[in-house]
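Right, one structure below, let's go through it.
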Amino acid sequence: MSVSSLLQPNTYNINSKSQSLSNTPSNPTSQTNTLWSNNAYNPPHLMFGSSDLNNGTGPSGPKGDKGDPGSKGETGSQGIKGDPGVKGTTGGTIGSGTYFSGDLPSYVTTGGTETSIPEVSTGTVSFTTKTLGGNCNYSSGVFTTTETAAFYVAVTYIGTSVGSLSGSLTLSIFKNGGTAVYNTLVSYSGAGIQMSASLNGIIEMTPSDNIFIGFVNSGGEIQPNASGFTLNIFRI
């Protein structure tokens, strides 16, 4: 059987270009009229549906490289200069006076009188050492003077507790009564407790002023050691 008889009625004899075609479509390449196309310059190729086998959709390409950084922006313009501040006020006037120079002031340590000693605890205790300076008087714990001057007042106690009771010793310096100008408190507990208390300060005095030195022991009993009570009142 010949090839041409199998392809009738729309045939193309691939062995003879001179054979005529019968029942040829008006548009041999139209995909709606035939499954075959004929072209004198190209071999026949099969058409399927509405798409050519030569056409297809490939996969997406790889992601592109990152772009180069942008260029630096322009420098901003210079800010506006602020207004000058308000001028400060003029300082105060220069003070006048005499500068202190040399050694510290000397203390007058003689000239005072003492007539009695305050009591502490269970008996009268004398100051072991005492110094009164200037035109002053110390009587029954009260210090007075006939001068207008500053006085350095210092009181020291060194003693030992007696008995088993706890207690406390308070040393106070008052000026004209009222609240103590200087005050200190030392506590002790039991017998044979070594203790010390000291108090000192500078107080301005006039003939109408007085200084009271108070010794108050509460609770147990105390006795001064050999150095005992020391009282120093110096005029500056």
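The backbone N, Cα and C atoms fix where each Cβ goes, and this holds for glycine too.
Taken from Swiss-Prot as is:
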- 1-17: compositional bias 'Polar residues' (COMPBIAS)
- 1-94: region 'Disordered' (REGION)
- 18-35: compositional bias 'Low complexity' (COMPBIAS)
- 58-91: domain 'Collagen-like' (DOMAIN)
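Counting residues 6+ beyond its ends, the domain 'Collagen-like' (58-91) has no Cβ neighbours under 8 Å in the same chain. The domain 'Collagen-like' (58-91): residue composition by secondary structure is 0 helix, 0 strand, 34 coil, according to DSSP.
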